Amino acid sequence: MQCSNYVNRTANTITNNNLSNDNSHSLQDKIRQHTMTVLTRPLSLASMSPSQTLDATAAGLPESRVLIIGTGGTICMQEGPDGLAPSEDFLETAMAPRPSFNDMSGLDVKLQAYQDGQLTSLASLRTPPTAYHRHIRYSVLEFTPLLDSSSISAADWASMAACVKDNYHLFDGFVILHGTDSLAYTASALSFMMSNLGKPVILTGSQAPIFALQSDAVDNLLGSLILAGTFVIPEVGLFFHHKLYRGNRTTKVSSAAFEAFASPNCDPLAKVNGLGITVNWPLVLRPTSIAEFQIQRHLDTAHVACVRVFPGIKPEMVDAVLRLPGLRGLILETFGMGNVPGGGGGRLTQVLEAAVRRGVVVVNVSQCVSGFVSPVYAPGTQLGRVGVIFGLDLTAEAALAKLSYLLALPGLAPADIPDRFARSLRGEMTEIAHPTFSHPSAPLEASAAARLTPAESAFAALGYAIQGDELPVVKQLLEGEGGRLLHTADYAGNTPCHLAAVNGSTDIMLELLQRGASVHERNRAGNSPLFLATLSGNEACAELLRSAGAHLSMDEIERGPLAKHCT
């Protein structure tokens, strides 16, 4: 009786949407059938899981591969006769002596990586087993010369993006070491330069060198390394002081404190504490277009200016900036919710209106660390009327990067920039949402009188629906808890994308990909969905996965059987 009640609750919860009664009852019946099948079988889900091709005991723990890109910064510096100076050979001098970075398996394992367009072999280290039952093997690729972050340029951002692009197929994740002065600017810039990103790119640095006795460098670097090698968080992030932030939401809030960065308008993507790592999966953005990873190599920062208004600012000052030769955009940092001085007959507003008419894109962002720009007061409303774009809760760093990105985007007409700017492109701002009303669904954590938790039950029902090629049931299951189900895995680490790869239904695979399923997740045997689709002979599914950016990992290629599919 308890089992029957639980099945009914599960079916009713999942199908509680605005559907016609006939469709709703039909889907409820199918979901009840799938769920009852799960509850009346033994706990093992082996019948719906792709067979594993690697014996875990014989092969040991799986390895992830992470490329650390050393661009410079305090984290790489060492005390010298003239003060702090950049230190090279970071892998050997800073990481190899530390047990948390080196399980003492030696430097004899080389990893292939591209540097300046040339394939080279890099020494590697491997971490001890993490709490997530895997090793992380990594190499360090150093920029020559190392960069001073206070002098960073758009050309340097292009070099970082190109380095990730060149090595994208060779590594599971990327960590970029960077100085803190312009770290938030770089994180924002890279987030716009990288489209259809399917792997983690995490920037970090430190307030004190890694060689210093009291330093935050080890925690920041180790946390970044474990996150990049463990979780498929397909965003450009910034990790500092035990928190992973969305990079384009960050700003530097302290010049010396270890908690140097904050994300006032967006919660962290992940937090690290003594119990492990908690990922805020509902907040994580995932690519939903069927396209490969690409980079935009140019940002037009040379033709964008930033002006911070202050009490008594003369309109002529702003006008002088707006009339600089070649200027195409202005980030205006205003008071509170977007206000500017309105004295002198609104002369400043007139200056801005004239600039907009000349084709200059003007964006209004708040000087406040927290909050957003909104046309609540008359001065801010007047700016909107003359064509100034409201930046909502954008940071100044993200606004600069976004405008520079749009101005450099090929094929985008200047008249279309305001519309594109008003939309969130990489999660950089909170779009104004219109209220929707629906019956609240029961949380997955609700207790149930069954051997499976609601999460396991929903995942199992999804697995059987995938196995049966029942696309309507798959869609309905994903409507309520799609964000969680896409990252749920069975006891062997198989996600819904793995199950669909083995089943071979391109319609179901397309549905999963368009909802943000990751093509880079690997199960406990180290197999990706592409590996399983190819091994199962499901070439149509494999081709769809490749068109969404999937590729075989170096580990899968080195195993041999699918080497012919590695290109």
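Backbone N, Cα and C atoms are what each Cβ position is placed from, and that goes for glycine too.
Remember, TrEMBL labels are computer predictions, not curated facts.
Pulled from TrEMBL:
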BINDING   S159, T180, D181  substrate binding site
DOMAIN    65-283  domain 'L-asparaginase N-terminal'
DOMAIN    303-415  domain 'Asparaginase/glutaminase C-terminal'
REPEAT    492-524  repeat 'ANK'
REPEAT    525-557  repeat 'ANK'
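The full span of the recorded substrate binding residues, S159, T180, D181, taken as their largest Cα to Cα distance, is 18 Å. When the binding-site residues S159, T180 are scored by other C-beta atoms within 10 Å, T180 scores highest.
When pLDDT values are averaged over the repeat 'ANK' (525-557), the model yields 92.
Under DSSP, residues within the domain 'Asparaginase/glutaminase C-terminal' (303-415) fall into helix, strand and coil as 47 helix, 21 strand, 45 coil. Sorting the repeat 'ANK' (492-524) by DSSP state (H, G, I as helix; E, B as strand; all else coil) yields 17 helix, 0 strand, 16 coil. The Cβ of D181 (substrate binding site) has 18 neighbouring Cβ atoms from other residues within 10 Å, across all protein chains displayed. Counted with DSSP, the repeat 'ANK' (525-557) comes out as 20 helix, 0 strand, 13 coil.
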